[in-house]
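Going by TrEMBL, these are the annotated features:
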{"type": "DOMAIN", "residues": "61-212", "note": "domain 'LRRK2 ARM repeat'"}
{"type": "DOMAIN", "residues": "276-425", "note": "domain 'LRRK2 ARM repeat'"}
{"type": "REPEAT", "residues": "185-229", "note": "repeat 'ARM'"}
Amino acid sequence: MSDSPKENQNKKESIEETIKEMKEYPNNEIIQEKFISILINIALNSENQIEIRNLKGIEPIIKAMNNFPNNQFIQEKGCRALGNIVIDKENQIEIRNLKGIKPIINAMNNFPNNQFIQEKGCRALGNIVSNKENRIEIRNLKGIEPIINAMNNFPNNQFIQEKGCRALGNIVIDKENQIEIRNLKGIEPIINAINNFPNNQNIQLGGCWALGNIADDKENQIEIRNLKGIEPIINAMNNFPNNQDIQLGGCWALGNIADDNKENKIEIRNLKGIEPIIKAMNNFPNNQGIQEKGCEALLNIVIDNENKIEIRNLKGIEPIIKVMNNFPNNQDIQLNGCEALGNIAFYNNENKIEIRNLKGIEPIINAMNNFPNNQDIQLNGCWALGNIVGNKENQIEIRILKGIEPIINAMNNFPNNQDIHKYGLNQIEIKRLNGIELIKKVMNDFPNNQDIQKYGKLVLEEFEKNEFYY
C-alpha cells in the first residue's frame, strides 16, 4: 500500500530538515554524524533516493566525508549512505558529478584495517559501477586496488568477499579495467573467495560473473587457468544446480574462458566441466539467458576434437537443437546454435549422423530463412550445413528440407563475404537451382582465395561426374 499524501509530505519534510541541518552546520562533527545516520535509513526507499537528489542532499554527505577525513564513524556512515543512495541510476551520475567517488576510495585507503569501512566502501563502489563513466572514474582514481586490498586483508569476511566480487565483476566490463585488475593481482582473491565459501550462493554467483567478465581478455584467460580458477566455477554449477543465476553465470564464465584458447578447452573437459553446461540447458529450457550462454559455451569448447566426442557422449547435441526450435526469434540463440552445430560436425562423421538423427538440420535452415539479412547467421548457417553435408544421407536430407536455396541466397545477398562463399561452396545440388553460374562468378571474383578456388573446382568436377544425390 502506498503512503497517503500526508505521509508523503511528512517524509519530504523530514528529509528536507535533515539536509538543512547538515548544510547549516558543516563543521559540526556531531551534527554530521547524527544526520548522515538518519539519511542511511531514509535512503533505503527508492522514492526517498530520488527525493534526496532533488533536495540536493547528496552533496552534504560528500562534504562531511571530505571535511572530517579522520573521523571513522563519518567515513563509514558516509560510504553506507552513498551506497544506498546510488541504487538509483540517476544518483550514480549525480555522485560522479559531485566528485563523490573519491571520498569513498579515500576512506578505504585511509582505514585499511576498519572492516566496516571496507564493507561499506566495497558495497558503495559496487553499486556505483553500473555506469560506464563511473567505471572509468574509479580506474582513474585508483579505486580498483582498495577493493582488492579489502578482499585480501579480510579473507574470512563474507560480506567483503561478496561485495568485492560484485564490484570487481562490474568494473571489469570495460576492457581497460580487465587489464588493470590483472596487473593489480585482482583475479586471485576472486578465486579464493569462491573456494573459501562454497556454500555462499551470493559469493558463488558474484565470483562466476566476475571471472566471466575478466576472461573477455585473452591474457586473463591464461591467468585464470594458471590460478586454478576454472574448477571453482564448475563446482559452483554442480553445487547449486537449481540456482538459475549461478547456472547462467557459470555458462557465461566457461564460455569466455574457453573462447579461442585450446588449453582452456582441454582443461574444462578434464575437469568434467562440459556436463554442467549441458545439464543447465536441459534443466532450464525456458530460460533464454541460460540457453544462449550455454550454446555459446559449447560452441567455444567444442573446437577441440575430443570435446566434440565428449559433447556427443554426454547427449549435448540435442539441447542445442531444442533451443533453436524453442526460440526461433532470438537471433543470438540462432547464431550460437548454427555455429555450435557447425563446430560439432566439423571433421566428425559420427556427429554429422547424430545431428541428422536428432532432426538438427532443419533449425539451421530455418534460421537462415528467418534472418536473411543477418550476415553472421548466414555465414554460420553455411558453415554448419557445409560441415554436416559430408555423407550421402545428410546430402539427401538437406535437399528434402530445401536447404540449398538459402545457401545460394546467402551467396547472392552477400557477394563480398568470402567466408560465406567458401562455406557455401562446400554444399552441393546447386546445379538445378542455377548455381553453376554463381560458382563460376565467385571463383572469378576471388581468384586469390585458395579455399574458394579449391571448393569451387571440386563442386564443378562433381557436377561433371554427375555424382550428386544418386
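Even glycines carry a Cβ here, placed using N, Cα and C.
Tertiary neighbourhood of the repeat 'ARM' (185-229): same-chain residues 144, 147-148, 151-152, 155-156, 158, 161-162, 164-166, 168-170, 172-173, 175, 178-179, 235-236, 239-240, 243, 245-246, 249-250, 252-253, 255-257, 259-261, 263-264, 267, selected by CB-CB distance under 8 Å and a gap of 6+ residues from either end.
Across the repeat 'ARM' (185-229), DSSP classifies residues as 33 helix, 0 strand, 12 coil. Residues belonging to the domain 'LRRK2 ARM repeat' (61-212) score a mean pLDDT of 98 in the model.
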